[in-house]
Every structure is written in C-alpha cells, then in structure tokens.
Amino acid sequence: MMVAWWSLFLYGLQVAAPALAATPADWRSQSIYFLLTDRFARTDGSTTATCNTADRKYCGGTWQGIIDKLDYIQGMGFTAIWITPVTAQLPQTTAYGDAYHGYWQQDIYSLNENYGTADDLKALSSALHERGMYLMVDVVANHMGYDGAGSSVDYSVFKPFSSQDYFHPFCLIQNYEDQTQVEDCWLGDNTVSLPDLDTTKDVVKNEWYDWVGSLVSNYSIDGLRIDTVKHVQKDFWPGYNKAAGVYCIGEVLDGDPAYTCPYQNVMDGVLNYPIYYPLLNAFKSTSGSMDDLYNMINTVKSDCPDSTLLGTFVENHDNPRFASYTNDIALAKNVAAFIILNDGIPIIYAGQEQHYAGGNDPANREATWLSGYPTDSELYKLIASANAIRNYAISKDTGFVTYKNWPIYKDDTTIAMRKGTDGSQIVTILSNKGASGDSYTLSLSGAGYTAGQQLTEVIGCTTVTVGSDGNVPVPMAGGLPRVLYPTEKLAGSKICSSS
C-alpha cells in the first residue's frame, strides 16, 4: 500500500506527551479538530447508522467512538481535539429535539451518559496523551437548560443551582446592543429556556471556580473552550480561567474587533470571529473582497492583545458550513489553508475535510461516520499537507508561533502572507479564482527569500527558484493555494518525500 508523505511525516512528529496543565504557550503550537461527540463516531463503528439532522435527536456518537477514530484525526496532522460539553443534560425530547449537542445542561456534577461513562472520558484523555495530543472540552458557565417557558421553570431540577436565587430574573434578550441585557437576560425562548446564572453572586462564582478545577483535574483536560462568554460579566472570567489552570478560549460571537478583542484581557484567547466574516466573504465566491480580509488581518494583529492565541476557523456548529455557500473545491482548499497558516490556533470542524455542506443549525451537525472516514478526499489531503508544514515549521523555528502573520501582497483575487523567522518562513498564496481559474505566474515580492534560493511548494510538491531580483515566480493554476518553504530546510522531513 502506498503511504502519503504527509502521513509518514505527521506520525513521526507527534510523539512527545503533553505537559500537565497545558499553558497558552503550549497551545500556540496546536492544531484543533472540533467535533460534536454525538455526531463523530459510534462505539459500534457503524458508517451507516441513520442520523437525520432535522430530527435533532441523539445519533449515538460516543467518547469510545472517538478513541477508535483517532488515527483518522491524527492522520490530518491535528494535535488536539475539542469535544462538546460533557455534563448531564435535560432528559426530555423537547419541541427542538434532544440536548445531543450538550448546551442544555441540568447537572454539572454528572456526565452525559449518552456519550459514555467517566472511565470512557478518562480513557479518551489517556488515548490522546499517549499520542502526544491534547484534549479540549467545551464548558458552559452562563446558563442551564429547561424544557419549558422561562416564567415557569422548576429550578429544583438543576444541580447544584437548585433554586431561583442562583439565577437572574427571567427576561429574554431583546436588544443585543444593550450589554446589560446581553449579560443579565436569558438566551433561548419560551419553548426551551436557558435560565441565566447570576455570576455576580459569590456563591455562584465560587461553585463554578471549584467545579472547573475539579473537571480539569478529574479528566486530565488540557484546555477549555468556553461557550457564550459575552453573556457573562467580564470580571467573572479571570478567576474562572485561573481556577481551570489550563488554556481557555472563549466564544464571543461578534465580528467587531473593538468588541471581541478586549475579552482577551480576561481570558487567554477567543475565537477569531473578526477574521471569520471577511475570510468567509473573501472565498465563498469568486468575487469576494481580498481588501477586507487583508485589512482585518492587520487590525486583529494590532488591536487584539495577542493574535497568536486566537482560534482561526470558518466552520462550526453555529454557522453554516463553507460548502453551503459554494461547492467549488478550490475555494474550500484556499480557506482551509488560510485557517491552518494564519496566526493563532487552527480549528477545523468535523466534516469540513469531507466537504460537508450543511447550512444553518441543525443541518450543519451531520454525522461524520456517514462519510465513511475516507483519507483520500481532496480536503483531507490538503489539510494534512498544510498541518504538516505548519507542524514542521514549529519544530524547526522557535519563533514561528509568535511571529505575527504579515500580508505581503493583495490584488482583486489574491492574497499572500508570510509567517516565520527570516530563513524559515512559510509564504502562503491564496486565490479566490475558483477551480476554473486560469494559469499564470505571479511575481511575488516581499517574501523575504534570497536570490537563487530554491523553494518547495508543499501542496503540489513542486519547486520554484527565487529570481535575481528577490521576487518569487509563483505558478498559479486552477485557483489552488500555494504554500512555499525553503527546500533545504525540508531535508529529512519526509515532506514531499524529502530525504
């Protein structure tokens, strides 16, 4: 059987066991595969078990199922997984279906038995650590979940927050421009209400701080993704982050860097929604704006406390999948390459590698097993190649992860950027011309390479030579991304079969 170069490289690189209590600095070097536990893999290994997203029901994914498919994840070069919340949920099938996603918790001290047992979760953590990989777990501090109207909640079902005293008075958020409403009123509606915990109260705050430290310790968790961060007052978060003792990345669902970036002053990182919107718009069609993306890269770099600790993504369970906008595989390859080679921590959502095309929730929560987990799909291979060069650059250049991505070129259809210390930099050239894009040579200045230097384009495994003027002649065709790295630096790496 022929084994791809990137497979040999990736398995060779990921051998070091993670340190206890993974720090923000440790997480800079990671690449995250995000999955909904219920939708990724089943214990029985089925690739045909029905999962109708419109039903919004449990489909049978488990922690053991994830363990059994870690080869598939690691084969793409990912060094970490992020799984959805593990706490026990409301048990009813509501008008909106089951709490299969994990965001309608009722008992924070019990696990969701649909996913498995405590031993299963510990086994998942151990299996990851044996591979040198990290475990990130999703957590919710803002709210609980109740099957019914907010005005008639039976608070006794919540553990440990078993009385109304722990919660803000019921009111639904009407105006998202009013931060007081955003923090004090409730998400959800009167069909499934999300009772909003009053995190200004010491009894609530202390309970959460004790709980999160225990969760991390009990299951050897390396990092946390925190849901609905903007719905909790900022002064709650530093203590929570400290109590967790690991890297925390928060969901602040807002594309304005002036709103989102300051949350990095109260926790380690946030999901990079400011980049998400211009990134999506640049590549979801062949007429997208490269100007907006170019400008936002620079804005985030200058305005966020540390852009190298943000999470870069274009898909998740809350937003429509990229392929719901366009089925052009070349555009999908470009956006995936950007995610992996931009500043910060790359996040790819399960199914993105198989070009899943679900739109809004619940359509974007497809079962990964129905793809059959092929490892020869176009995007699987592209993601593996991009992760491979990123992982390799990190291993060879101590400054790679803290070097801030520098856009060096743009035109109506192209953006180029460099990241990494002089002599070891990766230069990425992205196009939104799409699969029908023409063939031409881009003369690229500002890459920082030396005249006559040979570069390897690691996606297609071709080489180019830097011109006498220092410009790089980059062959472009079919709208595909190009990723350049000094050929001499690849010796012994197995990347593009370098010996």
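Backbone N, Cα and C define each Cβ position, glycine as well.
Swiss-Prot has this to say about the protein:
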type: BINDING; residues: W104, H143, R225, K230, H231, G255, R365; note: substrate binding site
type: BINDING; residues: N142, E183, D196, H231; note: Ca(2+) 1 binding site
type: BINDING; residues: D227, E251; note: Ca(2+) 2 binding site
type: DISULFID; residues: C51-C59; note: disulfide bond
type: DISULFID; residues: C171-C185; note: disulfide bond
type: DISULFID; residues: C261-C304; note: disulfide bond
type: DISULFID; residues: C461-C496; note: disulfide bond
type: CARBOHYD; residues: N218; note: N-linked glycosylation site
type: SIGNAL; residues: 1-21; note: signal peptide
type: SITE; residues: D318; note: site 'Transition state stabilizer'
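Swiss-Prot feature annotations superimposed on the structure.
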| residue | record | contacts (Cβ under 8 Å, 6+ apart) |
| --- | --- | --- |
| C51 | disulfide bond | R39, C59, G60, E366, A367, W369, L370 |
| N142 | Ca(2+) 1 binding site | L187, L194, D196, L197, T199, D227, T228, V229, H231, V232 |
| H143 | substrate binding site | W186, L187, G188, L194, P195, D196, L197, T228, H231 |
| C185 | disulfide bond | H168, C171, L172, I173, Q174, D196 |
| N218 | N-linked glycosylation site | A118, K122 |
| G255 | substrate binding site | Y273, P274, Y276, Y277 |
| C261 | disulfide bond | V270, P274, V300, D303, C304, P305 |
| D318 | site 'Transition state stabilizer' | L253, D361 |
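Relative to R225 (substrate binding site), the recorded positions with Cα atoms inside 10 Å are E251, the candidates having been E183, E251, C461, C496. Packing around E183 (Ca(2+) 1 binding site) is summarised by its Cβ count: 20 other Cβ atoms lie within 10 angstroms of its Cβ, all protein chains included. Nearest Cα neighbour of C461 (disulfide bond) among the listed binding-site residues (W104, E183, K230, E251, R365): R365. DSSP gives the residue listed as 'N-linked glycosylation site' a helix state. Most buried of the binding-site residues D196, D227, judged by other Cβ atoms within 10 Å, is D196. Neighbour density for C171 (disulfide bond): within 10 A of its CB lie 12 other CB atoms from the protein chains shown. Note: K230 (substrate binding site) has non-local neighbours V182, E183, V252, L253, D254, Y259, Y263, i.e. same-chain residues 6+ apart with C-beta under 8 A of its own C-beta. Binding-site extent for substrate: residues W104, H143, R225, K230, H231, G255, R365, maximum pairwise Cα distance 25 Å (rounded to the nearest whole number). DSSP classifies R225 (substrate binding site) as strand under the three-state reduction. In this structure, D318 (site 'Transition state stabilizer') belongs to neither helix nor strand by DSSP; it is coil.
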